[in-house]
């Protein structure tokens, strides 16, 4: 199939579907795509030699041919206000990140409380991960239709009620069931907040702000076990969930007062006052006269049809799988390392719940440092590589200038991060297996967590770059893969450790991680061709 015929059918489908308009009416042409591409900043080249060179490539991704509005600031917010907004959204996402690991330090106590086995008590973790993987695909898609703010409020209210239910439960099956319900309410918050950041950022600043939101959210995953340990030690395991309910209530107040609607179909560049009360926030008072009365011409057309399966259609594309699968395996390796740390410090090292909680400060601080470092590296690479590209082709006619290869820039750090994660996981596993000092175990846990932030945040950034028009569903797809992969390995963890020992398990996981990193390397190698093909496809 030639690029020309493929693209024409793609654009015909897009132009005939009112639910896929992503640009303002004055910018969107149903017969002709804008001469830009969501991941590539440059105008389309008219160089016939490039057309001839690449028009036979059949692996050009639909995702990389998607229409996008031209680059602009996309928001009335200043740089500082964008950063504060990203931090506010990351605080909202903490509810999701904390809800999974906050009771990890109490797993052994729950095992005794309900007179069950380690394998069965791990089902509470596995069940949560399964619903954490699947629920955002269906719930986050609502945020692309109804707006970010009302869906996030609904999720938090549901989280409060479910946490109260778990706190008063005294049967094993009911706790497993309610953990599934809790995941359905709170897990979508991560993908919705990431999508919200995509509403007011551009490709130039999205790297650091998306990383700040997604990564800072995971700080909760690092520090939640310590909070859970304190609650458990002082008042017993139900206190963990009473605390979670209260914390969700506090975050709901922060959301109500400080988080405005960001969906461009409701507020444009945030300068449009939304029509409905549910989308309004007291924060609009701060923006003052920058807010104008509602004007339909200043907002983008939005999706009206609920199609949660649409992001799933991307999974049959090899290029998308080449990003999602390796990043998900690295995330799964990090997740099982946290479970192993909790269980074995209790059973093999006989540490108290509070000491185990203190040990989780190592990965907790790694979340902070890894997030900040990775975000800055992404923006630095973008600026430096873009400057070199512009300088190299400054004398070339704009129509003949090759597109800037941002895909390579985004993915460049993942292989290095994967290598460090693999090495650290091997050392972590064998130190735990041989019952060495806790110090090297915590150092390795720190390194695994630090470098795990790189693929985790980059995958989210690339998907938002590629699919800005329904970023909620696209980031939910990333969540589906990483949490689904984690659920698989957590459910197998006990059996793997029994058959292969702890050291063998993490050596095996390191080998799998390095094997799938070759998918990223292959994508980087082909990124120049993908870049050229994507630019040419926008020309149709």
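Note: Cβ is positioned from N, Cα and C throughout, glycine not excepted.
Of the candidate ranges 64-82, 121-139, 273-291, TrEMBL annotates residues 121-139 with the feature transmembrane segment. Looking up the ranges 25-42, 43-60, 151-168 in TrEMBL, the one annotated as transmembrane segment turns out to be 151-168. In TrEMBL, the feature transmembrane segment is placed on 354-373, out of the ranges 294-313, 354-373.
Residues 101, 104-105, 211-212, 214-216, 218-219, 221-230, 233, 338, 341-342, 345-346, 438, 442-443, 445-454, 457 of the same chain lie 6 or more positions beyond the ends of the transmembrane segment (354-373) yet place their CB under 8 Å from a CB of it. When Cβ-Cβ distances below 8 Å are used as the criterion, the transmembrane segment (84-106) is approached by residues 77, 125, 128-129, 132, 152, 156, 159, 163, 182-183, 186-190, 193, 196-197, 200, 209, 212-221, 223-229, 232, 237, 240-241, 243-244, 247-248, 251, 254-255, 258-259, 262, 338-339, 342, 346, 353, 356-357, 360 of the same chain, each at least six residues removed from its ends. Here the domain 'Major facilitator superfamily (MFS) profile' (85-528) returns a mean pLDDT of 87 for the predicted model.
Counted as Cβ pairs under 8 Å, contacts with the transmembrane segment (442-464) are highest for 209-227 among 121-139, 174-197, 209-227, 502-524.
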